[in-house]
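What follows is a single structure, written as structure tokens, with notes after it.
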Amino acid sequence: MHPGRGYPVGASFFSVGRLYPALIGNDIGCGMALWATDLDANKASLDKLEKRLGNLDVPLDDAWREQATALAPAGTGFDAALGTIGGGNHFAELQRLDTIHDAAAADALGLNARQLLLLVHSGSRGLGQAILDEQLRAHGHDGLPQDSPACATYLARHDTALRFAKANRELIARRMLDRLHAQGQPLLDVHHNLVTPAIIKGEHGWLHRKGATPSDAGPVVIPGSRGDFSYLVAPQPSEHGLFSLAHGAGRKWMRSECKDRLAQRFSPTQLNRTRLGSHVICEDKQLIYEEAPEAYKPIESVIAPLEQAGLLKVIARLRPVLTYKTRGACCR
């Protein structure tokens, strides 16, 4: 958990009778998608892959129109953002299987140590922000009575944003694979910013997740920073934990302090390589410091307590290979 815009990130909230759009925040539908690829993990040249990717910040061209139309909800007004990652902690990362902890679960998912994986972290882009802004202007932070027309309207728009975000992650993955001359298949896609109806301790209500991965939706990936491992885990659903897990390592430092802390130690060029030997594409000279591994908690400090508490079982540890953040033209 770490501070967010008004409300903490990495938290779940249960309410009865009312739901609170502000708790979910501006990036409705943000989540993680994991894809298997046919890229050879032992033969991949990082320099060649980095060059092939080019700029993924610009809108999709007309060649993608049919796929985008088939995947995304119509009429949102944000089609130009489809297939783009965005700023902040969002990324798309090629990974390799580092350590298998549960061979049966790994086999069931179709994991192959010889092939690279692709993890995409992104959301609904400007659509979620527009929905939240509309709610705050009309209703502030007071929440919406669950039987009100305003609540029904919000839930309809919320669900549209979920579909948009899922489509966006798929288009990012397919766009990257196309650039890399590769094929791939989705293994999982899970939102971690959303609200759903739920029953907790016999009470019917609303479960709000803000940067909290559902523990009742099958296997999920909990990533570390761009210079750390990610963990593929099997959640163990727990009512006590509001059926939720951490969605990542979580920040140690505020974004505003990162450059001052790190600029004397590292140049932007140095931060484009990590201690694990992976490459990072990030040409935003502010973001490269904000997203430095040092600004985040070690991922093991998050995974170990969750495992000890019986909230998850580790399936595999994933090692970063090539992380795409931005070529410098991303929208924050």
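Going from the start of the chain as shown, residues are counted 1 onward.
In case you wondered, yes, glycine gets a Cβ from its N, Cα and C as well.
Model, not experiment: these values are computed from the prediction.
As annotated by TrEMBL, active site, GMP-histidine intermediate applies to H247. In the three-state DSSP scheme, H247 (active site, GMP-histidine intermediate) falls into the coil class.
Within the same chain, the residues at least 6 positions away from E93 (GMP binding site) whose Cβ sits under 8 Å from its Cβ are L118, L119, V120, H121, P223, R226, S230, P320, V321, L322, T323, Y324, listed in sequence order. Summarising the annotation, TrEMBL assigns GMP binding site to N89, H90, F91, A92, E93, H192, N193, S230, H247, G248, A249, G250, K325.
The 10 Å shell around the Cβ of H90 (Mn(2+) 1 binding site) contains 23 further Cβ atoms across the protein chains shown. DSSP assigns H90 (Mn(2+) 1 binding site) to coil in the three-state reduction, outside any helix or strand. Residues annotated as Mn(2+) 1 binding site in TrEMBL: H90.
The feature Mn(2+) 2 binding site is assigned by TrEMBL to H121, H192. When secondary structure is read from DSSP and collapsed to three states, H121 (Mn(2+) 2 binding site) falls in the strand class.
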Neighbouring recorded positions, C-alpha within 10 angstroms of K325 (GMP binding site) - of H90, H192, H247: H90
10 Å Cα neighbourhood of H192 (Mn(2+) 2 binding site): matching recorded positions from N89, H90, F91, H247, A249: H247
Sparsest-packed among the recorded positions, when each Cβ's other Cβ atoms within 10 Å are tallied, from H121, H192, H247, K325: H121
Rounded inter-Cα distance in Å - N89 (GMP binding site), H247 (active site, GMP-histidine intermediate): 12
Cβ neighbour count (within 10 Å, all chains shown) around N193 (GMP binding site): 27
